Amino acid sequence: MRSFIHLSRLPHLSSRVLTRSCLPISAARLPVLRFHSFTTSTFKMTDRTFKLNTGADIPALGLGTWQSAPGEVATAVEHAVTTGYKLVDGAYCYGNEDEVGQGLKAAFDKGIKREDVFVVSKVWASYNTRVEEGLDKSLKSLGLDYVDLFLVHWPLLLNPNGNDDRFPKLPDGSRDIIRDYSHLETWKQMEAVYKTGKTKAVGVSNYSKKYLEELLPVCTVVPAVNQIENHPALPQQEIVDLCRERGIHIMAYSPFGSTGGPLFTAEPVVKVADKHSVKPAAVLLSYNLSRGSTVLAKSVTPARIDANKAVIDLDAEDVKTLDDYSAQLTKEGKLQRFVYPPFGINFGFPDKQ
Ligand SMILES: NC(=O)c1ccc[n+]([C@@H]2O[C@H](COP(=O)([O-])OP(=O)(O)OC[C@H]3O[C@@H](n4cnc5c(N)ncnc54)[C@H](OP(=O)(O)O)[C@@H]3O)[C@@H](O)[C@H]2O)c1
């Protein structure tokens, strides 16, 4: 199953990150990343970056802010950014961008420079026909004049004139979705906002291979990023492979299986963690890093925010253990997708057919 691929074919990977110009890979996986400056088995992910197709660097680790409660998220963002995190992932839909902005401001007041933090936001589905308006709202909440990356959160249209700004519903309680809509229209607007300079890069989120194959032949700006759920119980290898071929960087979300971290107790994850005397969180973060992806870890707990900076250098045996787990779940039809809002739309994910 192993093949060799030259790193020049991985344009989004920072050459700083890798010491070898040719690595054995299993499918699109980079099994062992060697780092210049670390001789022990753990290292800080906050120092690592990948390269986007815009030429910009994107940090390897980001702080997630989904479900980070009011009263907690500003402190979490401030703590993360002042202790080394260089990426904060947010979204209009999370309803907490004001507080994310407060946390950023507190960090800037302590001397962190705006240009040293990579800020991500997303246009929510009820704004998919009003992309610039959505971006302006996020910028206002965040207190910024640009974001580093703006993503299409989900490729569907919720009624922009519905009974709620974010989650419009029909009288029967179901989601108020406009069916006569093409995600390609939203992408045209993303290309337009890119030109305004209010975002340094544009990308997508929750795009399956099918949706990317619709978008890529017609876009004039190739998305810089596809942000997708990614962990050993949902490797989504077909998307990762296509994105790598087309120079689209993967941002992995819900690396722990989302709220409560259900993947911390998955037996193969525990096995690798025990072998290296680290917590399962470190294995799950390292898994995504070993695939050449940026990974987003959400926490509002300072000690966990600190702990999530440390990752390990997975060896070939670890990669095999985790890949075998993925293969077994795939074979049994037991892949686990933890984040799938009830839109009732077929987004083209093989596990949701
Ligand atoms: N594009 C999209 O559609 C999309 C969808 C989902 C997520 N995301 C992004 O990805 C981010 C991460 O995903 P997620 O929030 O779903 O979940 P996640 O990061 O996989 O897991 C978060 C959970 O793990 C806990 N946790 C964090 N670090 C821990 C540690 N070291 N030890 C034990 N528990 C730990 C957190 O608890 P505490 O907070 O209580 O510490 C929280 O309950 C989101 O916040 C968001 O920014 C994007």
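Heads up, the Cβ atoms here are built off N, Cα and C, so glycines get one too.
Record features, source TrEMBL:
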ACT_SITE  Y94  active site, proton donor
BINDING   H153  substrate binding site
DOMAIN    61-324  domain 'NADP-dependent oxidoreductase'
SITE      K122  site 'Lowers pKa of active site Tyr'
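This view paints the features noted in TrEMBL onto the structure.
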residue: Y94; record: active site, proton donor; Cβ within 10 Å: 21
residue: K122; record: site 'Lowers pKa of active site Tyr'; Cβ within 10 Å: 27
residue: H153; record: substrate binding site; Cβ within 10 Å: 23
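Annotation note: Y94 (active site, proton donor) sits in a helical segment as assigned by DSSP. Taking the Cα atom of each, K122 (site 'Lowers pKa of active site Tyr') and the residue listed as 'active site, proton donor' are about 10 angstrom apart. Across the structure, Y94 (active site, proton donor) and H153 (substrate binding site) are spaced 11 Å apart at their Cα atoms. DSSP assigns K122 (site 'Lowers pKa of active site Tyr') to a strand.
The residue listed as 'substrate binding site' carries neither a helix nor a strand DSSP state and counts as coil. Within the model, the domain 'NADP-dependent oxidoreductase' (61-324) carries an average pLDDT of 97.
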